[in-house]
Amino acid sequence: NSSELSPSFLLASIPGLEAAQAWLAIPLCSAYVLALLGNCAVLLVVRAEPSLHAPMYLLLCMLATIDLALATATVPRILCFYWFGSREIGFGACLLQMFLIHALSAAESSVLLAMAVDRYVAICHPLRHAAILTNGTTAKVGLLAMARGVLFFLPLPLLLLPLPFCGSRALSHSFCLHQDVMNLACANTTPSVVYGLTAILLVMGLDAVLICLSYLLILKAVLRLAAWRERLKVFSTCIAHICVVLAFYVPLIGLSVVHRFGKDLAPLVHIIMGNVYILVPAVLNPIIYGVRTKQIQRRIL
């Protein structure tokens, strides 16, 4: 009875490669270190360079901070499992990790939407850009993004808290996700299913639609320009943001598809997709902006 009230879960191991997990953790650790170095470099460069104290770069700092927090909430625990065999994770620790993953992902989605709005205002209303998007407004956007993530996804662990877990305790990922934990409950999970789907649609789904709408308006404004060279020059300012949006939403959609339709897929696919979702944005975002932003390049050099 006590194990049902306060269960622990088993993180997913790499099937057939349990003996080699210590070696397979090295690329994972390398990617995590690269994410730490890249995102910390972005934060230090923006802090040290007064000319970068502008809304676009402040939003980039928020993105880097969220990526650092998201990777740190998951990867060290995965490495403890792969290197030291600590496969079991407590119920409370699992719910906390699950909440952090979903809340931080929602905050990152909100920041990406704010960056899309920044590009829209800069291209379609350049004379009003400085007045609309001030540093104070940008700071409020960051606070709103975090508050939105917390308010929408705090009910997820609270809905799982009273449920009994009396069957299998093996997760399909090396960390805790809402749908993964929910599927192990031996009770009616309909409220949790409905709320989880609603929260994702109202946050990530709505943000994706608004980002697409922003780029449709940007594309419409760019096509009004007479010269092709001028069109390419203006639209090239959006390339980095488009790449970052794809690096976030493609793994998110892939992971959702695997959970929804991939029940018959090999467990290795679930583990790989989960790790890609956690690490790919954190690794790629600073590289993308480092390559595309000359100010950041010069300061790093």
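Positions of Cβ are set from backbone N, Cα and C atoms, glycine also.
Features of the protein shown, as given by TrEMBL:
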| type | residues | note |
| --- | --- | --- |
| TRANSMEM | 20-45 | transmembrane segment |
| DOMAIN | 38-289 | domain 'G-protein coupled receptors family 1 profile' |
| TRANSMEM | 57-84 | transmembrane segment |
| TRANSMEM | 90-117 | transmembrane segment |
| TRANSMEM | 138-161 | transmembrane segment |
| TRANSMEM | 193-218 | transmembrane segment |
| TRANSMEM | 239-262 | transmembrane segment |
| TRANSMEM | 268-291 | transmembrane segment |
Inset, instruction - Quickly jot the same-chain residues contacting the transmembrane segment (239-262) by Cβ under 8 Å, restricted to those at least six beyond its ends, or write none. - result: 63, 105, 108-109, 112, 115-116, 119, 177, 179-180, 200, 204, 208, 211, 215, 269-270, 273-274, 276-277, 280-281, 284-285, 288-289, 291-293
Inset, instruction - Could you pull out which residues elsewhere in the chain have a CB under 8 Å from any CB of the transmembrane segment (90-117), counting only those six or more residues past its ends? - result: 6-9, 56, 59-60, 62-63, 66-67, 69-70, 73-74, 77, 133, 138, 141-142, 144-146, 148-150, 152-154, 156-157, 160-161, 165, 175-178, 181, 199, 203-204, 207-208, 210-211, 214-215, 241, 244-245, 248, 252, 278, 281
Inset, instruction - With the transmembrane segment (193-218) as the reference, find which of 20-45, 57-84, 138-161, 268-291 contributes the most Cβ pairs under 8 Å. - result: 138-161
Legend entry - Among the ranges 57-84, 138-161, 268-291, the one whose Cβ pairs under 8 Å to the transmembrane segment (20-45) are most numerous: 57-84
